[in-house]
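Asks: TrEMBL feature annotations, pasted as is:
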| type | residues | note |
| --- | --- | --- |
| DOMAIN | A:275-441 | domain 'Helicase ATP-binding' |
| BINDING | A:CYS503, A:CYS506, A:CYS543, A:CYS546 | Zn(2+) 1 binding site |
| BINDING | A:CYS512, A:CYS515, A:CYS530, A:CYS533 | Zn(2+) 2 binding site |
| DOMAIN | A:538-692 | domain 'Helicase C-terminal' |
Amino acid sequence: MIAEVIVDVAAHPIDRPFDYAVPEKFQALTEPGMRVKVPFGNRKVLGFITTIKDTSEFDPKRLKPIHELMDVVPVLNGEMLELAQWMKRQTVCFEIDALQVMVPAALRAKYEKRFVLNAAIDELPKELHPYFGTRDFVRAQEAEAVYGLMKKEMDKGTVLADTNIQQKTGVKKIRMVHITDSAEDIENISIRANAKQQLKLQEFFLKHVGQSFESSQLQKQAGVSLPTVNALAEKGLANFSSMESYRDPSLLTAIEQKIALDLTDEQQTAFDAIQSSLNTEKTFLLHGITGSGKTEIYLQTIAQVLEEGKEAIMLVPEISLTPQMTIRFKERFGDLVAVLHSGLSAGEKYDEWRKIQRAEVKVVVGARSAIFAPFQNLGLIILDEEHESSYKQDDSPRYHARDVAIWRSQQHQCPVILGSATPSLESYARAQKGVYELLALKNRAKNQPLPEVHIVDMREELRTGNRSMFSVELAEAIRERLARKEQVVLFLNKRGYSSFVLCRDCGTVLQCPNCDISLTYHRASERMKCHYCGYDEPVPTTCPECESDHIRFFGTGTQKVEEELAKLVPDARVLRMDVDTTRNKGAHEKILSAFGEGKADILLGTQMIAKGLDFPNITLVGVLSADTTLHLPDFRAAEKTYQLLTQVSGRAGRDVLPGEVYVQTYTPEHYAITLAKDQLYEPFYEQEMAMRRASGYPPYYYVVNIQFTHEDLMTVSGYAQQMTEYLRHRLSPKTIIIGPSASLIARVNNRYRYQCLIKYKNEPKLAEVLQQLIKIYRSDWIKTGATLSIDMNPTTVM
DNA sequence: AGCACGCCGACT
DNA sequence: GTCGGCGTGCTC
């Protein structure tokens, strides 16, 4: 028996199956999709079995045996193994990366080098004795000081080098206490009269003869501590066992079950359309304005799917930001829901994943990677806010959850619903062409009017001498809400901005020494940090250039707004939500629920408040600067701006109170802003499509971004130039190749970055040419320390 | 990627 | 003379 294994080494020459002999003792158990420990070269690595076969092309005498099976039940099923190969082709990634991303991080390998004793300890020099202590191994890291001595022993053979492979986190075990079923024994045991605790526990035991408890529960109920339990156990009154358990991440205690709401006519039409296609592979684009009740359609469709005995995946951009979505799912489906989001620990994610694998849950709500939920009988996949860029992973494997969703829907013959108030141009174009079926919700579910949006020309404000961040109109509106005890959301479009330190004398802005980017000020730690390479340093007291002490924190960020706000409305209670205030676990939820309970008048935040905020008392939304995303050098700048403005505006007036929105901008005539005002998606779509057609970007063209990095500027620009020439010669003349040019952030971590862009409509040779390119890179450039990364269908080209 | 093998400079 | 620098070649 031979197993093909994809080993856990991400490198081009290794990116193919290696054959291993399956030892007799494993043969009955071995299956594709299991993780194995295998010898590879002179070390051991983890790998995934992809195929079992009888014969190998490889010289049978040189086949090595599988060292160990890591699983009893495969962690990946056949569908996932096939999906990994598809992802490898589609995203040009290593197969091992595709396999790893499907498995919870807790199961990924942790490698630790060790020295293992291979002789009696007294054969070793005295200096080494303390390192081994009671065990026969020592972690290499702990023995750095005696590396030379160890090496000598290794030459002698008295010490061996080994790699210990462990998964990161395992199954949580809890200790169970089983009380003996003999009341007599309990009564007759002798306990010293002054051992009060033991006597107390004895009494408890008598009341619960023969019963079992979780150790922690027993201690709580009997009012004793663990040593007391141990003492009685030693006397034979109880024994212990360990039981698998799930970690309980739920902050959502005691959720009341709720029943389905009535659908509006529009919702009903959309629901019916989906329902009649439940057993076909079909993609729906559910285009519903903000507040039109898309979630209710999701919930009822899922209910339908569950009734047919199938399972559903619900993707949300980042669930920790939308606790309300989670709550609604739990209200409707209770324990049948698993939740996967970035706020969970590795162990908690693993437990949720196991519930899915064991078919204990039927619905999973989660972020991007939840698309790999190992359901066997998938009946529906939903991507809410399908236009969100977080659905595409920005490092290898650079997959898009939407593409994976559609692939899985073909496997399972089930529909996909892409929901959005502001669909990506790609999706809407596909709907127009009939590739997806378009379902439209044009009215808000509770029939509230759309909020009234005012566009404020900040150039006018400047002309009239208002240099503050708040226009007169917005300031007035804020005061008005405060007087009416209604709530305000202020949105700072922070992209492109950050809190930096500027010298007021010479204009120097503190830069990262390794990257071409300014350092960001972190108030909590009083340090300057680089968001690209992690470099940090203390905040300087004098300017490093001119030594002036007029150097100060220039907070164009939320903190600065908060200060100005305090001057504007001193009595207002302000909650700030940004990366600084949400660093701790559960901080999002806390801030949001505090705001929901009316503990603050104003919520001030960045991108992260644009979504999911659904509170009835919010009647005013202010966008402080709409322009920051608009002028980014990216083909999606207008689309992003339109989406963001629509999303933020949608936070106002979601209940009975009407909403109002103020959008401050220096370019009030831009179509992304004027059309977002009244949520005129289709005109925006038409106009943006015309722009894309003219400039040759998606959805008219497919795009591939190829990036090179090297520590030497001339080398990398040279490679990029050669590569671009190569592509120009190999690809068809209709394909447009842009560049090479320096990336927007031209240096990160002391490495220079160049990129080139391929824009094509039809390029049958593309895959082949890219493989050739990788070959050239592999055979020559990699040796000089260059890196190459290929991003198929990038979401941004900056 | 990691690790061993292999061939040339600065130290006990 | 040896320790150790990193070039290059392989991994079922």
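Note: Cβ is positioned from N, Cα and C throughout, glycine not excepted.
Unlike curated records, TrEMBL annotations are generated automatically.
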Asks: A:CYS506 (Zn(2+) 1 binding site) has how many other Cβ neighbours within 10 Å of its own Cβ?
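Replies: Other Cβ atoms found within 10 Å: 13.
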Asks: Given the binding-site residues A:CYS503, A:CYS530, A:CYS543, A:CYS546, which one's Cβ is surrounded by the fewest other Cβ atoms within 10 Å?
Replies: A:CYS546
Asks: Between the binding-site residues A:CYS512, A:CYS515, A:CYS530, which lies closest to A:CYS543 (Zn(2+) 1 binding site), Cα to Cα?
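Replies: Among A:CYS512, A:CYS515, A:CYS530, A:CYS512.
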Asks: Which of the listed binding-site residues (A:CYS515, A:CYS533) has the least company, meaning the fewest other Cβ atoms within 10 Å of its Cβ?
Replies: A:CYS533
Asks: With Cβ-Cβ distance below 8 Å and at least 6 positions apart along the chain, what are the contacts of A:CYS512 (Zn(2+) 2 binding site)? List them in sequence order.
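Replies: The answer is A:SER518, A:LEU519, A:CYS530, A:TYR532, A:CYS533, A:TYR535.
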Asks: May I ask for the distance between A:CYS506 (Zn(2+) 1 binding site) and A:CYS515 (Zn(2+) 2 binding site), taken between their Cα atoms and rounded to an integer number of Å?
Replies: 21
Asks: Using the Cβ center of A:CYS503, A:CYS506, A:CYS543, A:CYS546 as the Zn(2+) 1 site position, which other residues in that chain lie within 8 Å, going by their Cβ?
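Replies: Close Cβ neighbours, site residues excluded: A:ARG504, A:ASP505, A:GLY507, A:THR508, A:PRO544, A:GLU545, A:GLU547, A:SER548, A:HIS550, A:ILE551.
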Asks: Pop the mean pLDDT for the domain 'Helicase ATP-binding' (A:275-441) in here, whole number is fine.
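Replies: Average per-residue pLDDT within the domain 'Helicase ATP-binding' (A:275-441): 93.
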Asks: Once A:CYS512, A:CYS515, A:CYS530, A:CYS533 are set aside, which residues in the chain still have Cβ within 8 Å of the Cβ centroid of the Zn(2+) 2 site?
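Replies: Residues close to the Zn(2+) 2 site, other than A:CYS512, A:CYS515, A:CYS530, A:CYS533: A:PRO513, A:ASN514, A:ILE517, A:LEU519, A:HIS531, A:TYR532, A:GLY534, A:TYR535, A:VAL748, A:ASN749.
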Asks: Is A:CYS546 (Zn(2+) 1 binding site) helix, strand or coil when read with DSSP?
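Replies: Once the DSSP labels are grouped into three classes, A:CYS546 (Zn(2+) 1 binding site) ends up as coil.
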